[in-house]
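A.B. asks: Here it is: the structure, laid out below.
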Amino acid sequence: MRTFLSSFIILTTFLASLIAAETHTWYFKTGWVDANPDGVYPRKMIGFNDSWPLPTLRVKKGDRVQLYLINGFDNLNTTLHFHGLFVRGANQMDGPEMVTQCPIPPGETYLYNFTVTDQVGTYWYHSHTGGQYGDGMRGVFIIEDDDFPYHYDEEVVLTLSDHYHKYSGDIGPAFLTRFNPTGAEPIPQNFLFNETRNATWKVEPGKTYFVRILNVGGFVSQYLWMEDHEFTIVEIDGVYVEKNTTDLIYITVAQRYGVLITTKNSTDKNYVFMNGVDTTMLDSVPADLQVNGTNYIVYNESSALPDAYDIDSYDDALDDFYLKPLSKQKLMDDADYTITVDVQMNVLNDGINYAFFNNISYKAPKVPTLLTVLSAGEAATNELIYGTNTNSFVLQGGDIVDIVLNNFDTGKHPFHLHGHVFQLIERHEAIGSKESAVTFNVSDHAEWPEYPMIRDTVYVKPHSYMVLRFKADNPVVWFFHCHVDWHLEQGLAVVLIEDPQAIQKNEKITENHKRICEKVGVPWEGNAAANSNDYLDLKGENVQVKRLPTGFTTKGIVALVFSCVAAFLGLFSFSFYGMNDIAHVEDKVARDLDIDLEAENEDEEEAVVLNQNSSSSDSNSKPH
C-alpha cells in the first residue's frame, strides 16, 4: 500500500509539472539594425526582427523552448548558443558551429527545440559563429524560480559589455595577421552598461532589488561598485550561494551574478553606480579610452546627478573562489580521469600569433563533431577520428573528471564549459610576468575546500593554474574554451565527447539539421576529414599552420653558406683590385698631366729634411 501511495504521489507530481509547463515559441530573423550604443559613433548592430537590443527570454523549469532562427544575412552563416543551459538529450541545440551543428546559411531556418530541465537562474544566448555576438547578437535568458530562496521586492537586469566601432568581420583579419605577431587584442572604443553609457536606474526607497548582472562582452573583465550601497551575492551562473556582501565585484565576460541591493529610506539625493575596466587585460590604454563608466541610481529625478565615484584600488574585489553553494554540495570524490592542458600563445610559420592547448591550436573539423559521433558506430570511442587539431577527449559516462589548466600566458583567461557546472577546487595566485609560471603539482597543492564554489565560467590568473572538477553525467559533445572571443578565434578550445555510445543511443540528427548541412555544403557523416569510408583515415583534415623551425633548416644553412661566400668574395675583390690598381692609377694621372714623378719625389724628400731641421731649431729655443 505504501509503495502504491509513493508511486501515485510521484506520478501526480509528474503530471502536474507537465500541465504547468509551457511551450515558448519564438521566430527570430537576424539582420543589421542602425544603432548608436555609446552615443559616439553610429553603426549597425545585429538585431532580431529589425530590433536591437535583443529581447530578454523568460521561461520556467520544465518549459519547452521552440526558437526558429531565420538567417536574414546576405552573406553570413550563423548559429545560436544558450549559454549555461544543459540542453539534456538535445545536443544539436547547443549551438557552437562545427561542434554540435552545421552553420545556418543565409535564407535558411534552424529550429532550436529543447526542454529546460533541472535549472533555474541567470543565463544568456548569443551567436557562436565568428565574432557575431560582439556585433550585438546576444540577449538575456532567464529561468524563473517559483521557489527563489531569498526575499526581494523587484527584479532588475543589468548587462555589461565592450563595444567596438568597427565590425568584427573587419577587426578579425587585422588581428590575426603577421603584422600583429604579439597577438595584441583589439582595444574596444567604449564599454556599455545596459547596452548604453551613463545609464540611469530609477529606484524606490526601502526596497530590496534582485539584480541579475551579466557580462555579455567578448573581451574585457569589469569591476562594479556603488556609492554608499552594497551588493549581497546570492547567485552565480545559475547556482545559488550563501549570502556574501561586498562593495566590489569582479566579473569576467560570460559570467553572471545575482545580487540583492537594498535601497535607502531617504530620497534626498542620488548615487553613482560605477563600472570599471580591468586594464591589465589591455596591451595598451589609449589616452582617450574612458576606463570608468558613470551610471546613476536615481531616487529623486528633481535632484542633481552626482559626480563620478572613483576608487583607489581594486584589491578588495570579492574572490568568487570563496563563495559556497547554498546546496552545501561537498567536494566530489577523487577524479577517475584527469585532463591536463597547458595554455600558451605563440607564433606559427605564417607569422600569426595563435593560442594553444598542449601545443594544439583548435581547427574546426570538416564534419561537426557530434555528427561524427552519430555516424561512426563503434569507432566513436576512438579519439583519433575527431581530428588531430580539435583537442578532443573521450569521457566515460559517470566518471568524475578533473581539468587541470596550467596558464603559461601572462594574461587572465575566462574559461567556459558547455553543458555542465563544475567545482573550482583550486586556483593559484597570479605570478609576475618576469617570473616562471607555476604549474599544478598533484603531490603538493593547497587544501581543497569542503564546499567548493560551483559555476560554468571561471578565470585562471596569469602564469598560474586552476583545477576544475565535474561529473560526466550529461552524455553529449561539449565545448570547453576561453570566452575571450579573440582567443577562441586564435584556437583556445577543447572538445569533450562524453559517453559516445550513450550519445548514439539518445540522439538522432533531425531532418531540419540534415537540410541545413546540405544547404551549407557540410557533410553530416564522416570523421574530421569528412571520410565516411575509413574513420581512421584523416587525410585532408583541417590542421594548424606548421611551427616555426628551431635551429637552422636546410634552406637556412644554404642561405648562410652563400652569404658567407659572397661576403668573402666581396672582401677579396675590394682588397685585390683596390690595392693592385694604385700604381697604375698614379702613372695614368702623371701622363695625363705631364708630371715628372721622379723629380716630384726628390723635391718631397728635400722638403722633409728641411722641415726636420727647422723643427729641431724651434725645439731648442723653448724654455726648459
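Note that Cβ sites are derived from N, Cα and C of the backbone, with glycine treated the same way.
As listed in Swiss-Prot for this protein:
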BINDING   His81, His416  Cu cation 1 binding site
BINDING   His83, His126, His483  Cu cation 2 binding site
CARBOHYD  Asn49  N-linked glycosylation site
CARBOHYD  Asn77  N-linked glycosylation site
CARBOHYD  Asn113  N-linked glycosylation site
CARBOHYD  Asn194  N-linked glycosylation site
CARBOHYD  Asn198  N-linked glycosylation site
CARBOHYD  Asn244  N-linked glycosylation site
CARBOHYD  Asn265  N-linked glycosylation site
CARBOHYD  Asn292  N-linked glycosylation site
CARBOHYD  Asn300  N-linked glycosylation site
CARBOHYD  Asn359  N-linked glycosylation site
CARBOHYD  Asn441  N-linked glycosylation site
TOPO_DOM  21-555  topological domain 'Extracellular'
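Just tell me what is around each of these and how deep it sits.
C.D. replies: In the three-state DSSP reading, His416 (Cu cation 1 binding site) counts as strand.
The Cβ neighbour count for His126 (Cu cation 2 binding site), using a 10 Å radius over every protein chain in view, is 24.
Around Asn49 (N-linked glycosylation site), the C-beta neighbours below 8 angstroms that are at least 6 residues distant in the chain are Tyr27, Phe28, Lys29, Gly31.
Within 10 Å of the Cβ of Asn77 (N-linked glycosylation site) there are 20 other Cβ atoms, across all protein chains.
Within its own chain, Asn113 (N-linked glycosylation site) has Arg64, Val65, Gln66, Leu67, Ala90, Met93 as residues 6 or more apart in sequence whose C-beta sits under 8 angstroms from its own.
Secondary structure at Asn194 (N-linked glycosylation site), taken from DSSP and collapsed to helix, strand or coil, is coil.
Cβ environment of Asn244 (N-linked glycosylation site): Thr232, Ile233, Leu318, Tyr322, Leu323 lie under 8 Å away, each six or more residues apart in the same chain.
Under the DSSP three-state reduction, Asn265 (N-linked glycosylation site) is assigned to coil, being neither helix nor strand.
DSSP classifies Asn292 (N-linked glycosylation site) as strand under the three-state reduction.
Within 10 Å of the C-beta of Asn300 (N-linked glycosylation site) there are 13 other C-beta atoms, taking all protein chains into account.
Asn359 (N-linked glycosylation site) is surrounded by 10 other CB atoms, counting those within 10 A of its CB over all protein chains shown.
The Cβ of Asn441 (N-linked glycosylation site) has no same-chain neighbour under 8 Å that is 6 or more residues away in sequence.
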A.B. asks: Between the Cα atoms of His81 (Cu cation 1 binding site) and Asn198 (N-linked glycosylation site), find the distance and write it as a whole number of Å.
C.D. replies: 29
A.B. asks: So what sits near Asn292 (N-linked glycosylation site) in its own chain, CB-to-CB under 8 Å and at least six residues off in sequence?
C.D. replies: Met274, Asn275, Gly276, Val277, Ala308, Asp310
A.B. asks: Nearest by CA distance to Asn77 (N-linked glycosylation site): which of the recorded positions is it, out of His83, His126, Asn198, Asn265, His483?
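C.D. replies: Going through His83, His126, Asn198, Asn265, His483 one by one, the closest to Asn77 (N-linked glycosylation site) is His126.
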A.B. asks: Any idea what the Cα distance is from Asn194 (N-linked glycosylation site) over to His416 (Cu cation 1 binding site), rounded to a whole Å?
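C.D. replies: Roughly 23 Å, rounded to the nearest whole number.
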A.B. asks: Look at each of the glycosylation sites, Asn194, Asn198, Asn265, and point out the one with the fewest other Cβ atoms around it within 10 Å.
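C.D. replies: Relative to the other glycosylation sites in Asn194, Asn198, Asn265, Asn265 has the fewest Cβ atoms within 10 Å.
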A.B. asks: Other residues with Cβ within 8 Å of the Cβ centroid of His83, His126, His483 at the Cu cation 2 site?
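C.D. replies: The surrounding set, listed in chain order, is His81, Trp124, His128, Tyr133, Arg138, Val216, Val253, Ala254, His416.
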A.B. asks: So among the binding-site residues His81, His83, His416, His483, who's got the most Cβ atoms within 10 Å?
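C.D. replies: The residue with the most neighbouring Cβ atoms within 10 Å is His81.
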A.B. asks: When the pLDDT values for the topological domain 'Extracellular' (21-555) are averaged, what is the result?
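C.D. replies: PLDDT averaged over the stretch: 97.
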A.B. asks: Distance between Asn300 (N-linked glycosylation site) and His126 (Cu cation 2 binding site) at the Cα atoms, whole Å?
C.D. replies: 36
